[in-house]
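**Student:** Found this in TrEMBL, in case it helps:
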DOMAIN    4-125  domain 'RsbT co-antagonist protein RsbRD N-terminal'
DOMAIN    312-370  domain 'PucR C-terminal helix-turn-helix'
Amino acid sequence: MRTDAPAPHSDTSAEFGAGVRECLALAADMVAEPDPEPADAARLAELVGRAGAWAREGIDLDTVLRAYHEAVRRAFSDIAGGRGDGETLFADAEQALRLLETVTVATSAAYLDEHRSAARHHQTAAQTLVTALLSGHGRAALARRTGIAVAPAYQVVALSIAPHPGESDPRRNAETVARRKLRRLQSALAPVLGSRALSLLSVDGGTVLVPVDDPDATARIDAPVLTADTLDVLSAAASVPLTATVVAGPTARIPELAAQAHELLELVRALGRPPGLYEIADVAVEYQLTRPGPARAHLAAVLGPLRPHPDLLETLRAYVDSGLDRKSTAVRLAIHPNSVAHRVRRIERLTGIELARPDGLARASLALLAFDLATDSRTEEYA
């Protein structure tokens, strides 16, 4: 297990060397004396206690364990050379292996604890920073305090995470399955998008910030970005389909870009698009026509007369989805085709839309989209 800390300073190297020598002396004493004294146990505890400090200073675990193994091997070799009794030699070997097991397990545990602590600290700092970036407040001060570099520009990704099949399995704990899904995704973010990618996610989705080059800057990030292929990798890691919308721009515009990305995600979902990666160009017409404002309000108001008649609204949706096919609509709604025709006439009378005309079909489709966006906002606060 490696740490991300810089190379150890000379004083740490000296302490590490002293630790190895102490391990050698301890091994010699414990092999020579089958019944260790309390002082030896204290020496062992102190030796293992240094492992956390070495982890923080960047000394690799494999370096520590290799040195310990070599120290115990040398101690056993030195002592075994003077043993003529096979039974005694066997006891010495058993004692050496016991010491090696204790040191290896305890040191590995110390490194693992330090690694987990560092990961928790980094995660907390990263979430604090991404919250500041999304709000647009205090990002410079937080970047200095957390030690996480802020890029000049970002891909701002609105992400929707589909439920895992296990979440609906009555034999399993849905909350546990959802948390594991999220952990798998979070674990894949850094390997796929780079260690500087930031995220604020729940089990249903959220926001990811991926550093990109600022066209106006001379410095180059040269880091991975979110593409359809990288989204597929993340989806495979999470074991669920992912839907993402992405916009990009300078760091100062992140709050605005995040709002736009989540509006796009809401639109993509309302359009019933399949999972995948979407940019504004993919839904440009629908996005422009359904922007909050008088145009969207007017489109949504066209279907206002159907609000008291959910059966008519459901029929219109099915009829449009089927390409104005009465039989398909009837099968979908489990009613007679004549009932579909009757409902369509009522819809046209209440809304003024002539569905048989090409412009009427287009108007109905856009009105349904505007109606859904106006009455059912699926987007929460970016996470």
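Cβ atoms here come from the backbone N, Cα and C positions, even for glycine.
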**Student:** Mean pLDDT for the domain 'RsbT co-antagonist protein RsbRD N-terminal' (4-125), rounded to an integer?
**Tutor:** 74
**Student:** Within the domain 'PucR C-terminal helix-turn-helix' (312-370), count helix residues (DSSP H, G, I), strand residues (E, B) and coil residues, in that order.
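**Tutor:** DSSP composition of the domain 'PucR C-terminal helix-turn-helix' (312-370): 46 helix, 0 strand, 13 coil.
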